[in-house]
Amino acid sequence: MKTKFIFITGGVLSSLGKGLAAASVGALLQARGLKVTIQKLDPYINVDPGTMNPFQHGEVYVTDDGAETDLDLGHYERYLGIPMNQRNNYTSGSIYHRVITKERRGDYLGGTVQVIPHITDEIKSVIMNLASDDLDVALVEIGGTVGDIEGQPFLEAIRQLRSDLGRDRCMYIHLTLVPYLAAAGEHKTKPTQHSVKELRSIGIQPDIILCRCEKAVTDDLKHKIALFCNVEKDAVFSAVDVKNIYEVPLSFYEEGFDQKIAIMLQLPAKNPDLSKWQELVDTCANPQGKVTIGIVGKYVDLKEAYKSLHEALIHGGVANKLAVELKYVNSELITDENVAESLAGLDGILVPGGFGSRGVEGKIRAIRYARENKVPFFGICLGMQCAVIEFARNVAGLPAANSEEFDEQTPDKVIYLMTEWFDFRSKQVERRDSGSEKGGTMRLGSYPCAVVKGTNAFTAYQAEKVDERHRHRFEFNNAYLDKLKEAGLVFSGLSPDGELVEMVEIKDHPWFLGCQFHPEFKSYPMTPHPLFREFIKAAGKQAVKSKR
C-alpha cells in the first residue's frame, strides 16, 4: 500500500490541541496494525526552536539524531512509542534556508525564485520524503491557525498535494473551537463556520471537522456544522476536554473517529486493540497513593516549558501506581531564609535543565536542602551541574566553586565549556568555542553512557550501557574528579571513553542522582523511563515515612 497522508489544520485560535489530536489519531491507526508517523510543519521563521525563549515557545524537544524540535514531537513519540527525527519537523525558516541554499548553488539555473512554485515545492518535497514502502499513513500537522500570513505557503502546498495524490491517498482534518456559552446554555458554531470558510477560500475543503469543546456537541449541532461547512453528516466529531490526556485516543474511538478515517482512506478494516490504553487510563484513575514533587526552575510560569518532564513524572507514577502532584517552585525566589518553607511537604525535589545564571543560586539552595534533609533528589542537565557545584562548595571544601557559564573568573570551574567531544554518530571529533553560533552548536542528540554497577543508576537501568539524549554546552571538569570522589561524590555514568561525566550520585542518601542528559525525552506512558520510575519509587517511600 502506498503511503497515505492526513493533513491536520487548526482554526479560530491557537493551542487547541492539534498535536494531541494528531498523536491520538496516530495511536488509533497504529492500534489497527498500521505503520504510522507524524510530521509537524511550523510557519515561524526561526530555523528551529533551539534558540527560542521557553516563555514564547515552550519546551525544545530533542530527537535521537540531535534535532531541536517542537514540543509536539514529544506527544508523537509518547503516543506512538517510536522515535522521531529531523524529518518530522520543519519550519518556514528551515524551508526558506533550503531554497536559498539551492539558489546560491545555482540549482534554479538563474530563474526567479518565488513562493510559488519554489517554496511550495520544497514543502511538498519534505512531506513526500516521508513516504516509503513500509509506511502506511503519515499525519502532517500544520502549525498556527488558518488565516495566518506565514502559514499560507504550507496550506497552498497541501492543497496542491490533493491534486497530486488523489482523494484515496489524501484527506484533510480541521480542528476548530466550538465554544459553550453558559449564559445561553448552548454551543456556538459561528467561529467554526468562518474558520472553514477561510480554509475553503484557499481551495481546501476539509473532509472531517473535529470540534474542540467543553461538552460533547449534539447530533443536531453536528448536522448544522456539516450543512454549513459542506462535509458529510457523520464527518463531524467532538474533541471533548478530558482530565487525563491519555484518555483522548479512547474518546476518539468511542466517537468512531478512526473508523471514519479508515473508510475515507480505504484503510484495512481491522478493529484497534486499545487494551493497553485502557489499562493506562485505569491506572491513572485508581492510584494506590500520592506523592508531591517539587520542580525547582525559572520557567515555572509556563508549564509547557517542562512538558516532557511533567509527562515523565506522571509515567513514573504509573509505574508505581502513584498519583503525582506537581508543585512548581520559582528558583529566583528561594533564599537561605525561606528555602525550608518553600520546599516543605515535598516528597521529592527535581531541578530541571536550563540556561543562564538567573535563578541558579536558588536551585543550589534547594539541592543543599534535599541533600541535608534526605529528600529524594533528581537533577537533570543544569540540575546535575548545580548538584556538583553544591557538593563542591559545601562538602568538598571549594566555597568558590561555580560553572564557567555563570562566573568566568571563579578559581574553581567544576563545570566548564565543552570545547571538543567525540560524536559517536559521525565518528568525528566535534569542536566548539565561546565564539560559535548559538543555534545547533551544543552536544545534541543520543549518546552512549557506561553505567557503573552498584549504583542507583544501575539499579534503575539494569544495564551497563544505555543511550540517552543530550542538549548542553557545559560539562563536568575532570580536573576535579578525584577531589570530589574523595569527598564522597559517586560518578555512576560516564561516556564510553571515560572522558565525560554523565551521572553523579551521593551515598548515604535515600535517592540522590544527577544526570547530564535529558531522560524525559525517552519516557513513554507504556514504558516509563527507569530513572523516573526509581525517583518516584523513592518519593513514595518518603511520603510513607512523612506520614508516620
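Each Cβ is built from the backbone N, Cα and C atoms, and glycine gets one as well.
According to Swiss-Prot, the features are:
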ACT_SITE  Cys381  active site, nucleophile
ACT_SITE  His518  active site
ACT_SITE  Glu520  active site
BINDING   Ser14, Lys188, Thr189, Lys190, Pro191, Thr192, Gln193, Lys224  UTP binding site
BINDING   Ser14, Asp148, Ile149, Glu150, Lys188, Thr189, Lys190, Pro191, Thr192, Gln193, Lys224  CTP binding site
BINDING   Ser15, Leu16, Gly17, Lys18, Gly19, Leu20, Asp72  ATP binding site
BINDING   Asp72, Glu141  Mg(2+) binding site
REGION    1-267  region 'Amidoligase domain'
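The CA atom of Lys18 (ATP binding site) is located 7 Å away from the CA atom of Glu141 (Mg(2+) binding site).
Counting only residues at least six positions away in the same chain, the Cβ atoms of Lys40, Asp70, Leu71, Asp72, His75, Tyr76, Glu141 sit under 8 Å from the Cβ of Gly19 (ATP binding site). Max Cα-Cα distance over the annotated UTP binders (Ser14, Lys188, Thr189, Lys190, Pro191, Thr192, Gln193, Lys224) is 24 Å. The recorded positions considered are Lys18, Lys188, Lys190, Lys224, His518; of these, Lys190 has the fewest other C-beta atoms within 10 angstroms of its C-beta. The residues near the ATP site, meaning same-chain residues not in Ser15, Leu16, Gly17, Lys18, Gly19, Leu20, Asp72 whose C-beta sits within 8 angstroms of the mean position of the site's C-beta atoms, are Gly10, Ala21, Ala22, His75, Glu141, Leu175, in sequence order.
In this structure, the CA atom of Gly17 (ATP binding site) is 18 Å away from the CA atom of Thr189 (UTP binding site).
Nearest in space to Ile149 (CTP binding site), taking C-alpha to C-alpha distance over the binding-site residues Ser14, Ser15, Leu16, Lys188, Lys224, is Ser14. Spatially, by CA atoms, the binding-site residues Ser14, Lys188, Lys190, Lys224 include one closest to Leu20 (ATP binding site), and that is Ser14. Taken together, the residues in the region 'Amidoligase domain' (1-267) have a mean pLDDT of 94 on the 0 to 100 scale.
Here the candidates are the recorded positions Ser15, Leu16, Cys381, His518, and by Cα distance the one nearest Thr192 (UTP binding site) turns out to be Leu16. Here the CA atom of Pro191 (UTP binding site) lies 15 Å from the CA atom of Ser15 (ATP binding site). Around the Cβ of Glu520 (active site), a 10 Å sphere holds 27 further Cβ atoms from the protein chains shown. In this record, ATP is bound by Ser15, Leu16, Gly17, Lys18, Gly19, Leu20, Asp72; the longest C-alpha to C-alpha distance in that set is 12 Å. For Glu141 (Mg(2+) binding site), the Cβ neighbour count at a 10 Å cut-off comes to 26, with all displayed protein chains included. Taking each Cβ in turn and tallying the other Cβ atoms within 10 Å, the top scorer among the binding-site residues Gly17, Pro191 is Gly17.
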